[in-house]
Ligand SMILES: *Cc1c(COP(=O)(O)O)cnc(C)c1O
């Protein structure tokens with residue numbers, strides 16, 4: 001088949017052959033996907049040469065820009081050496097070094113790494129491992145899990161069972177395990193005279209009630225530390241994580257930190273948990289760990305958990321496996337990411353980058369059209385008030401952004417930025433200005449839109 005040199009040509013072929021994720025495909029015929037031809041730093045370039053700033057890091061995965069020479073070189077060298085070998089019965093240097101270096105980043109507290117490919121698989125592994133740990137201890141009755149309101153942990157059946165986002169979950173509810181829902185510490189719930197820490201204290205009290213009642217049956221609590229991203233960048237006070245750690249210790253329950261979105265420096269520290277000064281029993285990592293180049297996920301856990309599976313009986317071992325577990329190319333990309341953090345002072349540079357973006361977005365503070373302007377590390381978000389957010393707000397904002405060279409996807413009425421770690425002063429100023437312009441354009445439109453257009457918003461994440 002000949003290759004059409006236009007966006008329209010690729011859009012037509014894509015809609016005829018590709019079933020796109022997180023998309024009502026009927027709507028995609030009206031709002032077709034953007035055909036990207038190339039990536040260059042933070043820019044994505046379509047088939048017709050238009051450039052778009054990747055303001056959400058391609059679903060939160062990209063760290064240092066697209067087609068980065070350093071990451072590319074590392075992958076190319078590994079490609080010519082060993083692309084992949086199974087990790088059962090074999091091992092290889094990138095998998096070993098990555099496990100060692102990640103463990104070192106936890107001060108050796110989480111001494112073992114178990115590999116998989118996608119974030120949801122890492123969540124499945126953490127849930128199964130926690131249950132199996134208790135079973136090996138003669139506590140097979142500990143088989144329940146606790147997640148937070150508005151949590152998101154992925155969309156395979158186990159991960160969806162600990163997810164509380166209606167649009168992803170409700171249809172499949174009949175297929176899911178029953179998890180306990182505990183209050184979210186989302187700081188937006190603070191009353192007039194309350195702080196984020198007060199909300200955290202209240203949410204921790206709710207968790208205490210639940211654990212004191214059910215701890216004999218509960219294997220683990222799973223949490224997204226500091227930011228519930230898919231809930232709409234709901235941020236909370238680090239004291240909540242300290243309270244959780246203490247409660248889990250008190251009641252003999254595992255703490256699983258899903259750092260799939262918030263890990264790798266997004267919140268200002270390499271692991272979000274560092275800001276609370278705690279270590280969980282399991283950390284799930286994926287997304288940014290390969291800089292957004294290759295699928296890789298992993299679960300870090302304590303040596304005491306690892307040792308509870310050692311036995312002559314094969315069934316007491318953790319037999320979970322995926323074909324591409326510990327893929328050598330993906331592990332190599334992850335090692336290149338860790339090199340960058342070590343050698344280039346990424347976290348310190350990000351503090352400056354975020355400061356620049358905060359200045360560029362300063363006009364939005366106190367803007368009457370928005371509420372809850374918030375920031376944690378490299379992530380910025382605000383909620384557009386309903387009166388200013390017409391039907392299909394997220395889609396309208398996305399399309400208005402595209403017209404201005406901005407690739408951005410609000411979650412409902414929450415507009416957020418999770419840019420790759422590349423901002424300098426001119427780029428931060430440009431980005432801030434385009435976001436404000438896009439908001440002005442979309443909100444201006446709201447007054448002229450008719451009620452017939454107020455259909456439910458199909459763009460959810
Ligand atoms: C994206 C995400 C997942 C799922 O990862 P996939 O690679 O999409 O399966 C799980 N938890 C959190 C917090 C995420 O943001």
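Glycine residues also receive a Cβ, built from the backbone N, Cα and C atoms like all the rest.
Substrate binds 152, 287, 321, 409 as TrEMBL records it, and from the list 10, 19, 43, 59 the residue named for this site is 59. Binding of pyridoxal 5'-phosphate is attributed by TrEMBL to 119, 120, 322, 323, and the same site annotation extends, among 173, 258, 383, to 258. Note: the Cα of residue 152 (substrate binding site) and the Cα of residue 258 (pyridoxal 5'-phosphate binding site) are spaced 9 Å from each other. Only 119, 258, in sequence order, out of the binding-site residues 119, 258, 321, 322, 323, 409 have a CB under 6 Å from ligand 1. There are 16 other CB atoms within 10 A of the CB of residue 322 (pyridoxal 5'-phosphate binding site), with all protein chains counted.
Counting every protein chain shown, the Cβ of residue 287 (substrate binding site) has 27 other Cβ atoms within 10 Å.
Checked against residue 258 (pyridoxal 5'-phosphate binding site), the binding-site residues 59, 287, 321 differ in C-alpha distance, with 287 being the nearest.
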